[in-house]
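Student: Pasting a structure here, questions to come.
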């Protein structure tokens, strides 16, 4: 009987508990928060998370509107409100002062500053109530219970279990751990289905080349952090690509988060939350998986500083999953609190007016163990020894670092700013950085300098004695000095007449005709012939005996002389892995010869149009190499260079089938402030752009057009024009490729090529890029920067319109 009396009391107690839980779960209209006081946050039912005002680290008077882990000592922030910056696409964190109010009223959530001005709202109306869920998701719901807005749909730098990122969303790293502004990295779920990680320029927001991608263009769907701790990218066919593979025994024993950290690494973290897990795990956030595994090696951008700031280098501690940026010897951070700004020398820059001896007395080259800056090259020498490599950098006021490779006897000089610096145990080359010489430091040049000083002292003493001994001797000495001065001036004039100007530093080597005649064995072995001359194989007659290719200009007419000078002035002052290297030249009497590095695999023309098709992977490698070479010519040289004669015959392949652009005889150099030029028709039938036949200025887009033709030839392993094909519609490749693309039959272009068929998505991407390059209107063609991004899959490719039916190169 007693238990029957107790039943109504139990029912009343349960009803009260239900009402109490409902009050905690639903945040009703009229509720508000202020930064200070007890009413500064709304707590989830389990108290694991809170939404509200969070004091900015190191600034007690400034507050974020945020979501954070409520039971952890440091109250780790996982979401923070942001607003657009001056109407631009980029955003800034919302930070307010004491006296601000966040209020849920009139069907909306609004944050106002102490003056009553609205500083943030989630842009939704008809809100009935809000909820702070135990998942860490803060939701605004309508009176019907439908979600109007949620923090999970507007992520900051972190995702949590059960959170899904759909197409078009992104994570932005913070600038610093305590600075919530958009940082230097993004993880984007692109609308084209590709999941991509980008370095991000600060403060412009410009995206550099990606350092990681899922390579799921047109296939990706969403990024998922599921309840079991797995993070994966779903594919439209239902399959999954694992992004992290961390496994924890019990999800209930840990808090979880995955954050795009300030160093660009996407880390999955766990934190023990109960007594069962704490004996085994430290009471702190522990990274259990990372992407990419080595950010220092993953980032290498042609534009931008790399993983760390300019003139610094990146190092990684694999055991702790941490990344650091360091300055080299005699350098210091520009801002110790913002190391991403890079390093600067702590010594005065070298005066370019110093003579060689003074420079060697003031500066030295210090070796750096296991550190490299792979880019920033502006000069290369081969063959050469390490002592000479050091000397050439010391006496050059532009040189900051010299790299010497003993195996190939090659020296590279690098100038400021140094980019993409990284520490790597596998650096095979000797890296030397220029530093000021201390007064007691030994020098590789010290003995030579001392001897020079000693010789100079005795020369002055001897000269003084001679001048004091006899008028006749004085007369003879003066005569000899005058004659020597005359010879020196005459010699300099001859050099100026015989040697084209080269403002990039030391010019290519000047060979005598007899040296090249001997090197080629009397010009016996022909490698190829062109309009301006014949190319012969040779071997330098020195201790290294490297193979060379010697181009002999056969007819010394005015146009041939002009092409010779252009070749030396363009390729002689450039260096890039995808440009053929000019080792030297001969300008003796009527003889004009150019000396290049030897390319063992010949021209792309021979490689591509042989009886057996080259592997698809090699063709992709060549296409990317040619694109990067043109990008360097168009956008990264001191002066823009338009090649004007891009074709397979002018693309050479080295031992590893790396593409090298060659033959710059028709090239045009443009000053920095000039983007177009007027010139006569240049190039080769089948590859020239339509504007050559019109009375309009010529721009770098003529090379883009030619590249489009070459790209189609690389995809299809056939020439642009083939008159002997069975199907007349296939005669002109550019027409046929466009027809196949429109009909969705790209496979016809690579019929019989199993490797290409297997990579049909990439084939389709390459064809689309080619069709964009072939647009008749130059302004519609992409730049080579955009071309490289499209080829790499870093940007979405819109459907190309039909190129004009007029193929001017065939006229």
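Indices start at 1 and increase along the chain as displayed.
The backbone N, Cα and C atoms fix where each Cβ goes, and this holds for glycine too.
Keep in mind the model is a prediction, meaning the values are calculated, not measured.
Feature annotation from Swiss-Prot assigns signal peptide to 1-23; the stated evidence is sequence analysis. According to Swiss-Prot, the feature domain 'Bulb-type lectin' maps to 24-153. Taken from Swiss-Prot, the feature domain 'EGF-like' covers 292-344, and the record attributes it to a curator's inference. Annotation comment: Swiss-Prot describes 296-314, 308-325, 327-343, 389-411, 393-399 as disulfide bond, evidence class sequence analysis.
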Student: Please list the DSSP helix, strand and coil residue counts for the domain 'EGF-like' (292-344).
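Tutor: Across the domain 'EGF-like' (292-344), the residues distribute as 7 helix, 15 strand, 31 coil.
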Student: When the number of other CB atoms within 10 A of each residue's CB is tallied over all shown chains, which of the disulfide-bonded residues 327, 389, 411 has the maximum?
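Tutor: Per the Cβ count within 10 Å, the most buried is 411.
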Student: Please classify the secondary structure at residue 389 (disulfide bond) using three-state DSSP.
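Tutor: Once the DSSP labels are grouped into three classes, residue 389 (disulfide bond) ends up as helix.
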Student: Taking the Cβ of residue 296 (disulfide bond) as the centre, count every other Cβ atom within 10 Å, in any protein chain shown.
Tutor: 23
Student: Cα-Cα, whole number of Å: residue 393 (disulfide bond) versus residue 411 (disulfide bond)?
Tutor: 10
Student: From the Cα of residue 327 (disulfide bond) across to the Cα of residue 308 (disulfide bond), what is the distance in angstrom?
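Tutor: Cα of residue 308 (disulfide bond) to Cα of residue 327 (disulfide bond) measures 10 Å after rounding.
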Student: Any idea what the Cα distance is from residue 343 (disulfide bond) over to residue 325 (disulfide bond), rounded to a whole Å?
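Tutor: Rounded to a whole number, the Cα-Cα distance is 10 Å.
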Student: Measure the Cβ-based neighbour count of residue 314 (disulfide bond), defined as the other Cβ atoms within 10 Å of its Cβ.
Tutor: 26
Student: For the disulfide-bonded residues listed here, 308, 399, which shows the highest count of neighbouring CB atoms within 10 A?
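Tutor: Buried the deepest by this measure is 308.
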